[in-house]
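These come from TrEMBL:
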ACT_SITE  A:104  active site
BINDING   A:10, A:103  Mg(2+) binding site
DOMAIN    A:6-185  domain 'UmuC'
REGION    A:230-254  region 'Disordered'
SITE      A:15  site 'Substrate discrimination'
DNA sequence: TCTGGGGTCCTAGGACCC
DNA sequence: TCTGGGGTCCTAGGACCC
């Protein structure tokens, strides 16, 4: 029996660590993984962090902070395969693994302690295995609840383990800044600071009703739980049957802002094709179609329309977002990004398409299926709508 | 040449129904 | 004829996570 059954395992600077396996000559240099142009830093090694470089930092600022930083392009195929191997290592320990992303997961090791030892011993064994097999390091937080384990792994970085027993939870959490809590971002942190609530302990000792008045019922209650480490402790294993995604979308920032409707409508077609292609591969369809537009000044709006029936058809999604775009009535407004998202996804098998008499539409679904087959055989570049050629 | 792309969840107002 | 109350759906925006 253990009173700290949850492990949060988080790879250290994952993309950068994986990229550096191919370039051991660069390990002592400041290195970031990221795109070129208008991108942001996806991961920075610990040398680069000494210059103040962090993930999500605009690439231009990273270069300004450290002009000799080495920039490596992301290789998602490799990241995905390393991630899959790491997740397998987790599943050798316990079937209860909730993957949060490519580089982190929660594990419930309750059922493994008899076989493998204490949670701390399991954490150290995992770290050694991942280091030997993948050549990268990770950090582990061990606790009784999801949020405490998450905060603990962050405190363990890099390349360490932090165990927080139930008796230690308040002395561990309460001195921390409120911004350290999992789910408290920049805005909420600033709001809490304005109320004079600087530490987690300050929040913990604020009456629940006061928190709820300031932050709303839900967030107030949530924060109260986070501050006492009484958030959820049950995981939803990622493997095996799980609910389909609730939405799928794609967006793209233009290399340069544009006010050209043709360029924008063509980009919307590419995005609609990408999204519906993924939907068809996953066997889902959705009713609510959302257009996202970000302007040159970074303000962002969304416009959505809910259809009578769920669809996964490229031209239907494209037509919907094009109508939404035209309805904005933009005149010479510079657009930075457009996005397409489909929400309210259901399994396509549950959608019974009402065939209207003489409906011309069913031909488009057939066309999509033909495109999907060709894409599987010849690759994504081989088949695309005529207007994108 | 500041600020990606993939998601989830919550809020709040209005419509509409009972 | 003077103001209810609950529930659901839709839309838009915003916060947060990696």
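First residue shown is number 1, and so on along the chain.
Using N, Cα and C of the backbone, Cβ positions are placed for all residues, glycine too.
Note that TrEMBL annotation is computational and uncurated.
Worth saying up front: this structure is predicted, and the values here are computed from it rather than measured.
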Item to complete: Report the same-chain neighbours of residue A:10 (Mg(2+) binding site): residues 6+ apart in sequence with Cβ closer than 8 Å to its Cβ, ordered by sequence.
Response: A:103, A:104, A:138, A:139, A:140, A:141, A:153, A:154, A:157
Discussion item. Fewest other C-beta atoms within 10 angstroms of its own C-beta: which of the recorded positions A:103, A:104 fits that?
Written reply: A:104
Discussion item. I'd like the number of other C-beta atoms within 10 A of the C-beta of residue A:15 (site 'Substrate discrimination'), please.
Written reply: 26
Worksheet item: What does DSSP assign residue A:15 (site 'Substrate discrimination'), in three states?
Response: helix
Worksheet item: Could you give the number of helix, strand and coil residues in the region 'Disordered' (A:230-254) as assigned by DSSP?
Response: 0 helix, 8 strand, 17 coil
